[in-house]
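So that you can see what the record holds, here are the features copied from TrEMBL:
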type	residues	note
REGION	1-23	region 'Disordered'
TRANSMEM	39-60	transmembrane segment
TRANSMEM	245-266	transmembrane segment
TRANSMEM	273-294	transmembrane segment
TRANSMEM	325-347	transmembrane segment
TRANSMEM	444-464	transmembrane segment
TRANSMEM	546-567	transmembrane segment
TRANSMEM	579-604	transmembrane segment
Amino acid sequence: MRGPLGPVIGKYPSSSDGNGGMGNGSNDIIKHNRKCRDVVFLVIFIAFWVAMIVNSSFGFNQGNPSRLIYGLDYKGNVCGDRHADPDLRELELRYWLNPNQVYQTGVKGSKFQLSNARSICLMDCPIPSEDGLNWVCDYPEGDIHISVDDWIDRNYDYFADLTPELRNTSLQLQGPCYPVIFPSVNVYWTCQFIARASNVSLTHWQQMGGVKVIEDIAIDKSIHKAINSRSSVLKRYVADVGKSWPVLLVCGGFLPLFLSIIWLLIRHFVTGMPWVTVILFNMLIISVTMFYYLKAGWIGNDAISPIIGEHDPYYHVSARELNHLHAAAVFMTVLMIVAFLSSIAVVRRILMATSVLKASYLHDIRKIALASNIQEVAYLIVSKRLSCNSCCGYSIQYTSHIAAAILFHLFGGYWATQFIIACSSTVIAGSVASYYWARGKHRLGSIALGSLVVSFVESIRFILEALRRKLKLVNSMPQSWIGKVIYQTSQCCLKCIGCIIRSVNRNAYIMIAITGKGFFKASEIATELIMSNILRIGKVNVIGDVILFLGKLCVSLTSALFAFLMLDTHRYKSAHNKISSPLFPVLVCWVFGYIVATLFFGVVEMSIDTIILSFCQDSDEHQGTAQYAPPLLIETLNDQNETQRLTQ
């Protein structure tokens, strides 16, 4: 048995206090001469944030978010860039001039890459002529004495003004003008060739003495492969988040904030709230699943399309985003079934433990200040000129420090999140402890240390998981059953350690608020206190935690549902604001909604845990009888009363 905490629980209420409450001596229960602890880790945390700000400044100064959406022409200019030479402010679509070069990039075994093929930026995707041959000429430069505006007005065609020599090079597909043989359609701001050559245009081309234009499905597949590459899809997902920032602001910020406040208000109706939470949760998860079905094309005719603007209805272009929505719809279906079955078990538990839940919410807490901070992570993309003898293009290359900068920001962001949660948890615990005991202070150094421990363990687990995937790709995983068992056991143990550390941290913050001890000492006290009162704590936490978790899911699912509704408007289905898929914006709103709900519901969770730990501490210090607990709490948590209740 742990001994008394000295000045922490060193004095008792004075019977001579005329107010009938705590006398002067009681102020020393949790208030004593404290000092700053774990200051080194607070300094490290501040230094880490300074480094993140400096690193972000480079990204903001040198980065260009337009590269996530628009392609590069053969000069390395981003399509739509008004500062490019020439001015491309209205020319946002990337178009490959030479169809034979595009075909060559799709030939199996060819080392010629699509980024090397000559491409320019246009306003619209060219289509073949119905009675002749259309031309698309390069930017007007050198001997071509027309302005960019005239070039656009001529529909990018100045073939008639070329000298005989330049006309001959154009017929050899060497520029500056190129024939429009294949129709094309705007797919994510790139002109996707349709591998069906226009017979009329092809006949005119052959009559003019042009070189052979290869007709093959590889022309279609080559561009389609580039558009649907993993890196391109990821860029579009990130761009979707940027385009839908009003949705993120409303559904990821204001709406979950409002819903969390509403939920915390109706929580006083303890008897009916668990039922409302369970029913609402099932309705919301069904609604969100149906929206995934709708956007995946399994219900109705509102599936997402990669084609931007008006187009021939017979053109059909597949997209990786649609496959992702199919996978998300299947996942949500499984999740919906599991949630429904789990709800049945929760309902049975509610019927058995409503009285216990009631006691867990009777805390007189009125004013708790919460803070949140959103970190924006900037990225830096650098263009690098390709070096080869037969190329004339640019591609985006990631420098070696990009990966390190991203990991640095991810770790710092996760540490900052844990720090904010730890601060709010400790503030709440201190406020509730002042209600139970007296007033005390917490230490930011200990909070920084606790949040660092969680971030460090989670980072190790993430790194090991990444290594596991790489080893799996190269078939280096242990083949023997012993090796597999050892590996899976290590992964399971690491996850368990992470869960235990998060649980210990939470209770350590409470003891920091009560005792003012350092992080490790507070963790030791909290662990010993929990182990000696495991039944008391579990009695309240089991059903209480389930209902609070369902409440968080209700808030986040409502945010996701409203995000679907906002993204389903015309604003995000056409022109520049068209998003490639609602998957990422909805997911971000879902995550933000859950984070906001977690911060707000943390008031209730920390209040429950602080009151219970204070009760257990009070009971241990006073030979099993709590001196400071409210009567109803004593009646609910007292072992003797519980025994009488069970035997009746």
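The backbone N, Cα and C atoms fix where each Cβ goes, glycine too.
Same-chain neighbours of the transmembrane segment (273-294): 266-267, 300, 302-303, 325, 328-329, 332-333, 335-336, 339-340, 343, 346-347, 350, 354, 357, 543, 547, 550-551, 553-554, 557-558, 560-561, 564, counting only residues six or more beyond its ends whose CB sits under 8 Å from a CB of the stretch. Using a Cβ-Cβ cut-off under 8 Å and counting only residues 6 or more beyond its ends in the same chain, the transmembrane segment (579-604) has close neighbours at 188, 233, 236-241, 243-244, 247-248, 251-253, 255-257, 259-261, 263-264, 267, 295, 304, 306, 319, 321-322, 324-325, 328, 361, 365, 368, 370, 372, 417, 420-421, 424-425, 428, 548, 551-553, 555-560, 562-564, 567-568, 572. Here the transmembrane segment (546-567) has Cβ contacts under 8 Å with residues 244, 246-247, 250-252, 255-256, 259-260, 263, 273-274, 277-278, 280-281, 284-285, 287-288, 291, 295, 346, 349-350, 357, 579, 582, 585-587, 589-594, 596-598, 601, 604-605 of the same chain, all six or more residues outside its ends. Same-chain neighbours of the transmembrane segment (325-347): 274-275, 278, 281-282, 285-286, 288-289, 292-293, 295-296, 298, 304, 546-547, 550, 581, 583, counting only residues six or more beyond its ends whose CB sits under 8 Å from a CB of the stretch.
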